[in-house]
Amino acid sequence: MLLILAGLRPALLKHKIVNVLVKACLCSGAKDDDDTTTNPGKPPKLSKKKWRKKFRNKPASNEHLPWEERLADSVTPLWRLSYYDQLQLKQKHQERILLQLSDQLLCGESTQHKALTQCPSPPRSTKLSFPLLPILPSPVRDGYRNKSTFSVNRGVDGNPKTVGFYVGTGKVGNIVCVNGDHLLNMPERHKLVARCYQDFLRLSALEPCLLFHDGGHWREVTVRTNAAGHTMAIVYFHPQRLTPEEIEVHKSSLVEYFTQGPGAICQLDSLYFQESSMTRCSHEESPYQLLHGQPHIHEEILGFKFRISADAFFQVNQGAADSLYRTVREMGLPNGAREGGGGGTLLDVCCGTGAIGITMSPRADRVIGIELIQQAVEDARHNAALNQIQNCEFLPGKAEVVLPGLMEVLGSTTDSGGPLTAVVNPARAGLHYRVIRALRNNSSIRRLLYISCKPEGEAMRNFRELCCSPDPHRKLTGEAFRPTVAVPVDMFPHTPHCELLLVFER
């Protein structure tokens, strides 16, 4: 792998590093967990429409490179830089984003009763009004991902039963599936399962499902692992017109391959199967079928154990998650709150499987988590019981539906009479306006921690809504928050992305 990636002429290497630096400074964040893709951001003085027109037909700058390097440039754009240089680049990028936030808040302050709008870029401020702490590095830099999803499509040689990652786009019609064995962020166990799954597909009589309307059955495979080395694989399958009896035959062949055949080398602890005619669907829409092994694997964060289901959200970098949650715990509760409670009530919005609330529970009197996915709520409740935590409760439903009513129940003071602290960790789409309004208008919330993997995206709108002057027209009547400290955490080495923890107080 290193021979493939390192075999660059010096001039080309310098050219590539410059391109990576420019690209990273403009990039926007990636998804759930697909944090490995990058998209250019909007340049300062170019409208979105003009920018798209300008760059739509530009050829890829790395088409002359080998497929392996093109994939590495797509999935891990910073792989050529030293880790020190990667951290410096990310630190500067986060500073630039926060300077834009400062400018936008100033813009809002100077225009009373006006809708929140973005100020002109580039940032006019040269110094932040609150501290940006040095980025926290990832304890593990290579092979850190505990979840990877491998696609199936035509490979470089044209074989449609190739398992790997896409180079190209469906819109242009130049997708090629490239093996990911050389990628620095993928652990060896994930690569092994992908290779075995490819071997299984090529032995199977069924065709892969490349496009739903073109037929075919075998789809992608997701691999999940933990620090102890346990492995879960989830195979996705399109039933098309197969009968349940016919599907059973192919499920049995899959189990046989991974338990008694060549795939046994993977030593799978769990093998799941989900049949679906949709691109993505939940366990409730189409159940994950356990074909072999244990129903869950477990991970440990800050000394607490967590159950991981097939579709449960969990940070993809366990070591960096330790750093992130430790920082959230230290900054989230009032000064002096230590083990044994005294920290009042903690609201954990978009709580997932309860990791943040549970790790903070010894310092809080009460933890209330809200989560959309029912299976994640069940996992969170199980995790609380697993760790013998008795002051946590987890509520299912959309945060924008649950939270306003919960705020009314809590009233202006909490049941314990202590402070009320909120932690929010939304997806890249940010928080719904009704959630922001409920948090902003509850005067008991004096500290709010916002965790974002894409602060330059929709989260920026949330930041402005939390900090703007009171606006009765928008029903933002509560006292404004102000940012007091920001901490980047490198969750994704070799990519331009990181998590940003931003603390707001009032």
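From the backbone N, Cα and C atoms, a Cβ is placed for every residue, glycine too.
Taken straight from TrEMBL:
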- C453: active site, nucleophile (ACT_SITE)
- Q315, E371, N425: S-adenosyl-L-methionine binding site (BINDING)
- 45-57: compositional bias 'Basic residues' (COMPBIAS)
- 32-59: region 'Disordered' (REGION)
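As a whole number, the greatest separation of Cα atoms within the S-adenosyl-L-methionine-binding residue list Q315, E371, N425 is 16 Å.
If you take the Cα of Q315 (S-adenosyl-L-methionine binding site) and the Cα of the residue listed as 'active site, nucleophile', they are about 11 angstrom apart, rounded to a whole number. Around the Cβ of N425 (S-adenosyl-L-methionine binding site), 23 further Cβ atoms fall within 10 Å across all displayed protein chains.
Taking only the Cα positions, the spacing between E371 (S-adenosyl-L-methionine binding site) and C453 (active site, nucleophile) is 18 angstrom. Neighbouring residues of the recorded S-adenosyl-L-methionine site, listed in sequence order and excluding Q315, E371, N425, comprise F313, C350, C351, G352, T353, A355, I356, I451 (Cβ within 8 Å of the Cβ centroid). Q315 (S-adenosyl-L-methionine binding site) counts 23 other C-beta atoms within 10 Å of its own C-beta, drawing on all protein chains shown. Cα to Cα, C453 (active site, nucleophile) and N425 (S-adenosyl-L-methionine binding site) are separated by 9 Å. Every protein chain shown contributes to the tally, and the Cβ of E371 (S-adenosyl-L-methionine binding site) ends up with 26 other Cβ atoms within 10 Å.
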